[in-house]
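To start, the structure under review is shown below, and the notes come after it.
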């Protein structure tokens, strides 16, 4: 954690705010209602932390970083190396979380428990998890969509999200990935944005926290899921930033230019 010392106050503050929000405030299942501005906001925060959202953020970060170099050759090389590095880190850890950690711990999603309880289904969750992902999606689709009473007040986007998210729950992959990426980007911004704009390093952490909150608000994760996922993301970001070539690239650029122009 020593490498994170300059940004540690912000990292710990937003992690603490996340823990307080999801454990103390009435957030769980609060963003599920149809025609709710809160639901719309939380839905798009969740989308921003998904595969397409993080891809766009990685590309924008790479463009910004590469743009600080002088020659076109340098810009192109730095852009592709940044995209490749961040993409490989996020993809490998996401795969590890989804296919190893979650399947070992086997915690049910709160949305699945809610669906079975409210629809009065007699299906066993453990048995459902033995099905393939397409089979599970088909099961929830057949259970929810014909029911025009139980789920009538729910936002259709949330319903679709519940049907699509059929994996295990702990730890939260969105929280894991966004705090991993958010902490790395905060480190980059702190060292490269220059003293005048150094405060910008908090923005990736605000984003990561809101994505994690959205997972609880939409009912697809518990407070424990997202707090554990966020903690793992911060820890792994620290490990990534301890790699000499990563740390050296940032600190050398800061030394050479005093920050991004």
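Counting starts with 1 at the first residue shown.
Just so you know, glycine gets a Cβ as well, placed from its N, Cα and C.
Automatic, uncurated: that is what TrEMBL annotation is.
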**Report entry** Correct range for transmembrane segment (source TrEMBL, candidates 155-173, 174-192)
**Finding:** 174-192
Query raised in the report: Which stretch does TrEMBL mark as transmembrane segment, out of 49-66, 103-120?
Result: 49-66
Report summary line: Listed stretches 49-66, 174-192, 199-220, 226-246 vs the transmembrane segment (7-29), most Cβ pairs under 8 Å: range 199-220
Query raised in the report: Hey, which bits of the same chain come close to the transmembrane segment (199-220), Cβ under 8 Å, at least six residues off its ends?
Result: 7, 10-11, 14-15, 17-18, 21-22, 27-32, 38-39, 42-43, 45-46, 48-49, 109-111, 114, 158, 161-162, 165, 169, 172, 174-175, 178-179, 181-183, 185-187, 189-190, 193, 226-227, 229-230, 233
Report summary line: Long-range Cβ contacts under 8 Å made by the transmembrane segment (226-246), restricted to residues 6 or more beyond its ends, are 1, 3-4, 11, 15, 18-19, 22-23, 85, 89, 93, 97, 170-184, 187, 208-209, 212-213, 215-216
